[in-house]
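Asker: Can you read through this structure? Questions will come right after.
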Amino acid sequence: MPEPAIERPSDIRSREDFARLLSALRDRAGLTVRQVAARAGSAGAHSTIGDWFAGRGLPSLALRELFVRVLKVCGVDDAELVEEWLSAWQRVRRAPGRRAGGPEPYRGLAGFREEHAGWFFGRETLTARLLARVAELDGGGVQLVVGASGSGKSSLLRAGLIPALKAKGRSVTLLTPSVAPAPEPRGGQGLVLVVDQFEEVFTVFADEERRAAFIAALLGAASDGAVVVAGLRADFYAHVLRRPDLVRAVQEGPLAVGPLSGEELRQVIVEPARKARIDVEDGLVELLVREAARAHDAGVLPLLSHALYATWLHGQGRRLTVAGYREVGGIEGAIAASAGDVYDELDDRQRELARRLFLHLVHVAPDTADTRRRVTRAELLAAESGDGEREMEDVLGRFVAQRLITVDGDTVEITHEALLWAWPLLRGWIDAGRVGLLVGRRVLADAEAWRADHRDPDALYRGARLLAAQEWAQAHGAGVPPTVREFLQAGAAQARRRVRRLYQAVTALAVVSALALIASGVAVQAQRTAVRQRDEALSRKVAAETAALRRADPALAVQLSVAAHRLAPTVEARGAVLSLSAEPYATRVTGHTGAVYATAFAPGGGLMATAGDEGVVRLWDTADPHRPRPLAAVPAHEGGALTAAFDPGGRTLATAGVDQVIRLWDVTDPRRPAPLGVLRGHAGTVRHVAFRADGRVLASASYDRTARLWDVADPRAPRPLAVGRGSGDGLSAVAFSPDGRTLVTTAADRVTRVWDVADPRRPRAAATLGGHTAPVLSAAFSPDGRVFATGAFDNTIRLWDAGTRKTLAVLEGHANGVVALAFSPDGRTLASGGYDLTTRLWDLSVPAAGRVPLTLDGHGDIVYAVAFSPDGRTLASGSKDTTARLWDLSAPVPAGHTGRVYGAAFAPGGDLLVTGTADGARLWRANARREPPVPLAGHTDYVVATAFHPRGRLLATGSLDYTTRLWDLSSPAEPVAVLRGHGDNVLAVAFDPASTLLATGGADRLIKLWDVRDPRRPVAVATLTGHTASVSSLVFGPDGRTLASASLDGTARLWNVPDARRVSVAATVRGHSGGLYAVARHGRVLATAGADGAVRLWDTSVPARPAPLATLTGHTTTVSGLAFSPDGRTLASGGFDKTVRLWDVSAPGRPAPLGTLTGHSERVESVAFSPDGAVLVSGGADGTARLWPLDVDTVSRALCAMAHPPITAEQWRTYLPGIPFTPPCG
């Protein structure tokens, strides 16, 4: 039966219809897909645009403008017809797949409730722990459940805890502060009160009296035998600690809701699908797990859940696919895509209503993160009337239908706080209106208090406060509640009466003059304030947007970050600039219109070749790798160019591809490459070529199951030498040993073959190597020829001893096949590219290292090629995303450890850096980071603590092998002394300023003092007891007469140390809930931090009576590292939330955030400043120690030197509207 005719976009009802009519436009225009892409100004997006015509995909929201340009190229010029096409596009994007009836497997942004318990997976272990806590409080008590927004607290309580309790016959009552009355304080024996969103006590309850009454009722119920389980957002935990009544009640410490493990994430993805009888495409689960691990710190679960829901909703049949997941925007983009779909359908009037709607549903505060706000429907509609009320109801209904807003009875709220930061448009509304929101919330509270107090005239605003409130009300027009309008009108009337009395008291002229001066002064100040607030809001907004651009477009991210900081030096902008400095920078190389299958550098440097899917080989001048210049583009191979290699002299380039031939090119003048010889003989695609070290022999691997050797001594007259046939499927790679006597070939039959090619006319099979469990895709020899590497579709890399042909190591880290390998010129580093879209660097300089690679993210598709520049400072990668990238490897990222970096510290001179890790300790040259580190051999377990002697000649390391070792830095081959005395792990070490004492702390709860004046014969002189759990951190005071210790028992202690043999406790510092992980000190100020996520500052001027100065909040979970800058003006903290935070503590009683540094992919274990305070080092569980230069201007100049191409005026207008175009990098 023929397909029904599709005449206009309004007839389109499916993706097939969309593709058919779009292709008809292209056919009428007489254009190929490549021509359409080129004329639309996006030749590099040829593959993507081709998918639209072929029905394999639809334009994403981010490509809306490109889609419009494609329409115009295909002849759609009429504005109304363009809008009709856009409507069809939106309609098809939202159209769910053809799916049989059945349950919805995923909740999207909507949380789990009790009735969804059967669909709640991944939290079984945590639910069991919470049940055990409740059982322990059977006689009554309070248990807090603390986690970041999005961590799944509400679902744990509602779908995990409550059903489990009811199954055990327990009586359970669920309440939420903003909608439920406080519980009765009597009759609670055996009852479990579950309080969801307990933070609303601090956000919704504007007056302390109501807040105190609610808390008192909860505590009363607990004292009467009820168990109170309260879920609390982590950033509100400090509010709990400010209330002695709550601190006393919470004795056991909170239950932390942390991130899901990889296996738990798999359960969240797979189990609901299995229950709903839905298939999940191979590769999607691992892709989701990998992307979930890289998602937003505030909590990945709502993002993952919504992405799964959207993929299911828009998918085809009973199957979840990678393509469908990509189509809805992935984890990071699905929420924005869903919200954008709704918003794009609204007209201008409705869009303004949507803005007012969402801002009404947001609570902002100066000292906590933004939260959603629950309001009644009546409150929401109070400012609307007639048609406005009906329109608001319609707008509300559209967002409710997409589960972005929830209506429950008479209340309305944003479904999940993830929307607040995952939808950039909403984030922009909030940032732009932050000052107004703060003013509005305050005015509303004051107006309600004024009305409740019988309209007391003393409560009315006056002066500047009244002016600010009136400006806010004027800006919000009809959205101002009646009570507020009445309140401000009364204030204005009172102000007018005051003015009349003033007129009566002075002469008319004086009054007029005074008022004119006041008015002009207020107007000027108001304008300045408005401009400053606009600049600050825009700076924060742009800084936030650069996080998403860092990998996709590094040059644009750099320039926007610098521009944001220059516009207004906000905390966010400072963090954005500094964060870009601590990871390898990638310069995008564009020009290919299809996948980039090969990258190769000429041996002399400065010249690079790339080979692409469109069959073109391109040559680039890379003398300045940050500004690559195109030299030539050669149509080389019909169907696709797959490989390229320079001869050792750099004068000849060999290329091959789908057309089964190998071509040789004279590139003596790279602007005008000239064809030399053509090598024919293969009967299938030629996948790879490689030159022998003398350049006289070329090897090739083909899908025809052969490897061939060619005599290319005269490249104008090449001739075949020999054919090596492998059994099984096609060959994928060839690699010569440096001496040219051995050739390695890889194949799809999972086998690696080694050939003796000393006589290239008579190659001899020397060995067949198994081990890989999937097709082998790549091979490379180390420069010294002692090792070769192979990569396979089993996601592993194998290192082989070239002499014995035994496996040396198996490197695991890629989440999909390893298709490209390259050794650095010095042989220390192995680069790999994979189907998991990543490039990885493996440090091979230390035996057994390389198991935790440095991951280079940025490509948007498979990485097919990797190649090092001759000097090893640049890595070129090529990808299916149509780009190559040039990675600057001079970025300060000491990597290559076999596990997490527990400690990192600078030597007093600043020239050395020590890292303590799972594979021991290492010494690095801080200013010559290309030198291999010096391993410190001796410890038999993890090194978790390090400290340099103040005079720089000695290093102490503490280990899980129960020992502390002392190292002479002038000869670190072996320790000068081993200190034994702890009966458990040594977790902390610290030297005193006089360099005579070493303090060590351990899991045995003890602190030991050692006389190290003779480091070869240290003497134990004292053992300090008192802590009831592991001692996690130690620091001496500046005079050496006091020692501070932190412990997992939740306390810090100050010890008087007048001499090592007379030690006493000066004070015990309490205030944290949960264990302490870090302590730091500068002068009289002591800093402590731990599992509660807070950093606390204490005045220790009188050691016996430390006084609290301030509490720093911002980390969303455990703070594990603290360090003061040498001048004491800056404090750095590192946490399990993967961030490093900088704080201005120059006035320790009024600390302020300076910036947040992001880059670690796992939790941060330690932080330390360089002796001059210019650089911070952080150690992370991702196996790296990152060096962060801290001067923003210096970092900006360095980044600008790399950023290319310059930002365009169009990009500037997109991100910085209304700001004059001023390119930040000159």
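Heads up, the Cβ atoms here are built off N, Cα and C, so glycines get one too.
Predicted automatically and left uncurated, TrEMBL annotations should be read as such.
So TrEMBL has the following annotated:
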type     : residues  : note
DOMAIN   : 22-81     : domain 'HTH cro/C1-type'
TRANSMEM : 502-524   : transmembrane segment
REPEAT   : 589-621   : repeat 'WD'
REPEAT   : 634-675   : repeat 'WD'
REPEAT   : 679-720   : repeat 'WD'
REPEAT   : 724-765   : repeat 'WD'
REPEAT   : 769-810   : repeat 'WD'
REPEAT   : 811-845   : repeat 'WD'
REPEAT   : 856-890   : repeat 'WD'
REPEAT   : 979-1020  : repeat 'WD'
REPEAT   : 1024-1065 : repeat 'WD'
REPEAT   : 1069-1099 : repeat 'WD'
REPEAT   : 1112-1146 : repeat 'WD'
REPEAT   : 1157-1198 : repeat 'WD'
Asker: With Cβ-Cβ distances below 8 Å as the criterion, list the same-chain residues six or more beyond the ends of the repeat 'WD' (1157-1198) that contact it, or say none.
Answerer: 293-294, 547, 562, 565, 569, 574-575, 577-583, 852-855, 892-906, 908-910, 913, 915-917, 924, 926, 1118, 1120-1127, 1130, 1132-1142, 1224
Asker: Using a Cβ cut-off under 8 Å, which residues of the same chain at least 6 positions beyond either end of the repeat 'WD' (769-810) come close to it?
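Answerer: Residues 729, 732-739, 742, 744-754, 816-823, 825-827, 830, 832, 834-836, 842, 844, 848, 850-851 contact the repeat 'WD' (769-810) from elsewhere in the chain.
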Asker: Looking only at residues six or more beyond either end of the repeat 'WD' (1069-1099), which have a C-beta under 8 A from one in the stretch?
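Answerer: Residues 234-235, 237-238, 240-241, 247, 250, 253-254, 256, 1029-1030, 1032-1038, 1044-1054, 1106-1113, 1115-1124, 1128, 1131, 1133, 1135, 1143, 1145, 1148-1149, 1151.
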Asker: Between 589-621, 634-675, 679-720, 1112-1146, who has the most Cβ pairs under 8 Å to the repeat 'WD' (856-890)?
Answerer: 589-621
Asker: For the repeat 'WD' (634-675), find every same-chain residue at least 6 residues outside the stretch whose CB is under 8 Å from a CB in it, and list them.
Answerer: 594, 597-604, 607, 609-619, 621, 682-691, 693-695, 698, 700, 702, 704, 710, 712, 715, 718
Asker: Per DSSP, what is the residue tally for the repeat 'WD' (769-810) in helix, strand and coil?
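Answerer: Split into helix, strand and coil, the repeat 'WD' (769-810) gives 0 helix, 23 strand, 19 coil.
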Asker: Take every residue in the repeat 'WD' (856-890), average their pLDDT values, and give the whole-number result.
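Answerer: A mean pLDDT of 92 is what the model gives the repeat 'WD' (856-890).
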Asker: For the repeat 'WD' (1157-1198), jot down how many residues DSSP puts in helix, in strand and in coil.
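Answerer: Here the numbers are 7 helix, 19 strand, 16 coil.
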Asker: Would you mind splitting the repeat 'WD' (856-890) into helix, strand and coil residue counts from DSSP?
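Answerer: Summed by class, the stretch gives 0 helix, 18 strand, 17 coil.
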Asker: When the repeat 'WD' (979-1020) is classified with DSSP, how many of its residues are helical, how many are strand and how many are coil?
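Answerer: For that range the per-state counts are 0 helix, 21 strand, 21 coil.
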Asker: As a quick check of your reading of DSSP, tell me how many residues in the repeat 'WD' (1069-1099) are helical, how many are strand and how many are coil.
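Answerer: Per-class counts: 0 helix, 19 strand, 12 coil.
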Asker: Please list the DSSP helix, strand and coil residue counts for the repeat 'WD' (679-720).
Answerer: 0 helix, 21 strand, 21 coil
